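Below is one structure; the comments refer to it alone.
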Amino acid sequence: MRKIIAIAISSTIIAAIWTFGSFSLGLSTVAGFLAWSSFFAAGGEIKGVKKALIPNLSGIFWGALAGQLSTLLIPYMGETNAFTLGNGLGTAFICLQSKVNLLSFIPAGFIGWSALIASGMDFKITAISMICGSFLGFASEKLTDLILIYIHDKNTQSDENERKSA
């Protein structure tokens, strides 16, 4: 129970800071939260940053490329067919790139692409926001650890005080 409370406190603080900061700086709040989620889905810690962030960024790339290809093909095959082909190819490349160890976390690639769409197809803003979000996940994890240490120390002091007064 203590850990879930520490996670809740940590997440509340970091989410509030991110929301205010992303709004103030014109970043994509949703892209940051998606990267934060990817970080935890990848197992957290610094390994989670690496495992999720690199495929997140590749997903942004494939999404942008699919969007550009689709736009070029619209005059020749219509919007639905062009986006069907573009999205199909982008999807294939996200899956195929998983053969490379640094790009092996397929869900993070699709999350990166989704963040791009949610951010109005703004490549730069999405990438910056996802980088921030990945490190927000790391920060929330470390803050959770600090809160747990604080709670443990408080409980230990309380137990010692009870023993002394008994």
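Quick reminder: no glycine exception, Cβ is built from N, Cα and C everywhere.
If you look up TrEMBL, you'll see 25-44 (among others) marked as transmembrane segment. Counting residues 6+ beyond its ends, the transmembrane segment (25-44) has Cβ neighbours under 8 Å at 15, 18-19, 51-53, 55-56, 105, 107-108, 111-112, 114-116, 118-119, 122, 125-126, 128-134, 136-138, 140-141 in the same chain.
Here TrEMBL flags 56-77 (among others) as transmembrane segment. Beyond its flanks by at least six residues, the transmembrane segment (56-77) meets 34-35, 38, 83, 85-87, 89-90, 93-94, 97, 103, 108-117, 121, 123, 126-127, 130-131, 134 of its own chain at Cβ-Cβ distances under 8 Å.
Look at TrEMBL and you will find 102-121 (among others) tagged as transmembrane segment.
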